[in-house]
Amino acid sequence: MSRRFTVTSLPPAASAASADPESRRHSVADPRRLPREDVKGDGNPKESSPFINSTDTEKGREYDGRNMALFEEEMDTSPMVSSLLSGLANYTNLPQGSKEHEEAENNEGGKKKPVQAPRMGTFMGVYLPCLQNIFGVILFLRLTWVVGIAGIMESFCMVFICCSCTMLTAISMSAIATNGVVPAGGSYYMISRSLGPEFGGAVGLCFYLGTTFAGAMYILGTIEILLAYLFPAMAIFKAEDASGEAAAMLNNMRVYGTCVLTCMATVVFVGVKYVNKFALVFLGCVILSILAIYAGVIKSAFDPPNFPICLLGNRTLSRHGFDVCAKLAWEGNETVTTRLWGLFCSSRLLNATCDEYFTRNNVTEIQGIPGAASGLIKENLWSSYLTKGVIVERRGMPSVGLADGTPVDMDHPYVFSDMTSYFTLLVGIYFPSVTGIMAGSNRSGDLRDAQKSIPTGTILAIATTSAVYISSVVLFGACIEGVVLRDKFGEAVNGNLVVGTLAWPSPWVIVIGSFFSTCGAGLQSLTGAPRLLQAISRDGIVPFLQVFGHGKANGEPTWALLLTACICEIGILIASLDEVAPILSMFFLMCYMFVNLACAVQTLLRTPNWRPRFRYYHWTLSFLGMSLCLALMFICSWYYALVAMLIAGLIYKYIEYRGAEKEWGDGIRGLSLSAARYALLRLEEGPPHTKNWRPQLLVLVRVDQDQNVVHPQLLSLTSQLKAGKGLTIVGSVLEGTFLDNHPQAQRAEESIRRLMEAEKVKGFCQVVISSNLRDGVSHLIQSGGLGGLQHNTVLVGWPRNWRQKEDHQTWRNFIELVRETTAGHLALLVTKNVSMFPGNPERFSEGSIDVWWIVHDGGMLMLLPFLLRHHKVWRKCKMRIFTVAQMDDNSIQMKKDLTTFLYHLRITAEVEVVEMHESDISAYTYEKTLVMEQRSQILKQMHLTKNEREREIQSITDESRGSIRRKNPANTRLRLNVPEETACDNEEKPEEEVQLIHDQSAPSCPSSSPSPGEEPEGEGETDPEKVHLTWTKDKSAAQKNKGPSPVSSEGIKDFFSMKPEWENLNQSNVRRMHTAVRLNEVIVNKSRDAKLVLLNMPGPPRNRNGDENYMEFLEVLTEQLDRVMLVRGGGREVITIYS
């Protein structure tokens, strides 16, 4: 459940008013912190926000005073400083752990007891828990063996390196922990909030796996103590000979380990509070055992304990099979053989055949614990690494060896090495003994002052444990015989725990103490690991783990406990403590490495929010700690290190792939920002090299009234061009003012982002609010991008229905867009019939992408189909390139040159040269030009005032009447409908009908009248300031004259304009129309069935009076083609033949 805190504002007059109901109305709880079931977000449902954010505190919304009346209207968003400070000062966070369980059990009758504020100090809250978690099974079961194998010098270096690693990590952790209020949840929250959801999830799961395998290691240590030192007779599997003892022991570990794991998981499931209450008992066992070791060291200096060991030559003998360390014994006056004789000879008789080594060497007995004053430290100073199956021998003892290659009988009672040892292996086995430094930060919610207690308690605990470990290395080497140290299971000292032989007053103190301490550590791991997994699951950054965020009603992570037990069982099935230890070393080292990385990144970035209260840190220390962790990972086991890093990398990429939506203000985001800033500043130094040129797209989309993208196919096409690996900015313009339309802009931006995510477009979204569309588009073109990372290509759709639009600003905006991209040296891509472009799910199984290379304005025409064919939609389409040859061109040579050029460009395409001979301008072209100019003339009239328009139309009518007497009427008529303005405007009536030529094959457009039988569009318009133009096509192919359609609206005047003489037409327009018609004929002939046609887009006229003619040219050029992309280069894009 969520915890809410209440900030109460009292009038300054009376403190007794707090009992008044009126004063209680100032206590306002944040509704976002009300109890709820499905807690999402930061993974800690009991954490209220400690950040200074006015939206998090609704205190002060009811204001009665007059002193601050100037700010009374802003009280809903800006609370009073007094209430804010009160809320921050009283901020508390409950611990994550067994508190939920205890609270649920203490709640009776639906009433909750008031939650006591945490009162734990540094000693009880941090120091002792860290001691309990750091001291563990390795200290009691393996440290003596490590010292015996590696020697005092190498063991000292090993312990020093490992302790330095944890000390440097603790310094980094202290800096992170004191950088603000520490939320309950500990190390995972510090890492995830410092490094972001991707690293946080990856490292959090590695930390969870490490904690889980630590539980397996503690359970295996418990079983080893139980079967090897407490109750050896409990072993289920017995070895028939010495060679089978190791396998039998592993099977016993698996069986008993599974049973102990089941019991521990049941205890954790039933009553977690008992685990926490017995934690001090387990800690007492650890401290008592360590004190017993030091007491034994002191006693051994003047009164060494009696633990004799038996040597045959220089070989160590196991005490399991005999009692007297001698070959012969005296019984009365008779010499008899001992049990040791029987182990090496065929019988107990003196004349029996005995082992050759046994015959040649004497049996001697020495003290296993000579004591600190014995000077043994010199002998144990250097290493004695062993291979598996080798007998443990004492250096310096006389021995008569055997011939080389003589096999050793494994049934003889020697002490054998059970594994091959080397330095890196010992590091992996030893390192888990220094883990557990996060115990204090994990209890941050219990602490009175976490920012003070965590650094002090953790560093003191590490210093204490490091001193114990380093001193133990020296003392073990100074007090215990080397062969005993190398005897892992104490076979030479009657099966006693080696470290127990040094303890005072009895070895049983160590045995029993270590047994309970390992049990307690295992229970703690099974308690903490599920809660860590629950926190990760509740964060929601790893979707498939969200089921483990649920649990019992009291908050216990039932499902997480079940998964933890299953993973822990994997470690138990491994069954070897020496094999499990390096595994958890990997996961803990990776966690510590990222703690150091987080501190180093935050320090180097110097973000304003990085203000740790702990001052004794530096980025060099964090970097050294990170490097040490990484080195130790590969020193311990390079293949385990690679596996751990692979697991973390897969988790990272999975979280990144699924889209981590958490924003925690983490250091990696800051690192990305700094890297982006550095890269952008580098890009500012100069334009990109030719080889680095790639299309950086600015996609201009239009949104409807509901802020949804009108043509999503534009973004599909953008996604299909993603092989360019360039920048993508999707922009849109909303008309209006920023103050009024800001919410709509936000909705439009969200809608565009959703569509970008659906179409898998990687890029940015930018919505601009402007008083008019023209200025907004211009702002986007000018200001899109940042620094050197700016767009160089604009992708826009062709303005549909531009003829029909009463507001002719639509196509004027488009032409201005073309001019601005040309002025800015930007490439322009215009998609015509964009609704017919394929979506990403579609696939073309055949077809072609046809490129009509008419003029060379850069390499865009070649590059675009190359990029498109990398996408699954266009992959099976072949590429065809057409170029146009004039009369004086050698078409054969042109084809060869183009083929060679494509070969050097590494582009595969079919090449064809189309010959377009000069021909006379057809009557069809003249008629198209005539219609275009008449329409242009009428469009100009629409921008005149009423009186100017009437005078202009009258002059056209008079001119037309004169033309009728000279020319025959044509078959298509033009009717101008002028709405009725006033009564005085209805004086003149048209004297006669004027008919103009309009070819039947002219391209249909939205402004064309429908076919006969359909109502023409727009006849009901009555806008008094507009003239409506209606074209009516011929009904018959015989081009018979057709009478005018009746006028339905009253008061409408029909004015007719007769076509001017053909010789009066603008010859430039005629030539351009001729080019458009001829090119269109050629393109349609060759590319009618192409899946996509790309061709050069001609530029707009320099004289703005011909803008509407430009639109007509483009319409004629692209008619009867399904999918067209007009490409206009900016002059900077280049496709190069060089590598």
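Easy rule for this one: first residue shown is 1, then count along the chain.
Note that Cβ sites are derived from N, Cα and C of the backbone, with glycine treated the same way.
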**Message:** Among THR57, THR1022, can you tell me which residue Swiss-Prot lists with the annotation phosphothreonine?
**Reply:** THR57
**Message:** Are ILE729 and GLY204 co-located with respect to the membrane, according to Swiss-Prot's topological domains?
**Reply:** no
**Request:** Choose one of CYS325, CYS345: the cysteine that Swiss-Prot connects to CYS354 by a disulfide bond.
**Result:** CYS345
**Asked** Of SER783, SER1036, SER1048, SER1068, which does Swiss-Prot mark as phosphoserine?
**Response** SER1048
**Asked** If Swiss-Prot marks one of SER48, SER845, SER1049 as phosphoserine, which residue does it mark?
**Response** SER1049
**Asked** Sequence-remote contacts (6 or more beyond its ends) of the transmembrane segment (556-578), Cβ cut-off under 8 Å?
**Response** 100-101, 137, 141-142, 209, 212-213, 215-217, 219-221, 224, 250-251, 253-254, 257-258, 261-262, 265, 268-269, 272, 419, 425, 429, 526, 529-531, 533-534, 537, 547-550
**Prompt:** Can we call the transmembrane segment (403-420) and the transmembrane segment (130-151) in contact, meaning three or more C-beta pairs below 8 angstroms at a sequence separation of 6+?
**Reply:** no
**Item:** Recorded stretches the transmembrane segment (130-151) and the transmembrane segment (486-513) touching, at least 3 CB pairs under 8 Å
**Value:** yes
**Message:** Are there residues at least six beyond either end of the transmembrane segment (616-632) with Cβ under 8 Å to its Cβ atoms? List them, or say none.
**Reply:** 161-162, 164-165, 168-169, 171-172, 174-175, 427, 431, 585, 589-590, 592-593, 596-597, 599-600, 603-604
**Item:** Chain residues in Cβ proximity to the transmembrane segment (230-250) (below 8 Å; excluding those fewer than six residues from its ends, i.e. six or more beyond)
**Value:** 256, 410-411, 416, 418, 495, 511, 515, 575-576
**Message:** Give the nonlocal contacts of the transmembrane segment (251-276) in its own chain as ranges (CB under 8 Å, at least six residues past its ends).
**Reply:** 97-98, 101-102, 105, 215-216, 219-220, 222-224, 226-227, 234-237, 519, 522-524, 526-527, 530, 556, 558, 561, 564-565, 568-569, 572-573, 575-576
**Asked** Which number gives the other C-beta atoms within 10 angstroms of the C-beta of ASP446 (K(+) binding site), all protein chains shown included?
**Response** 24
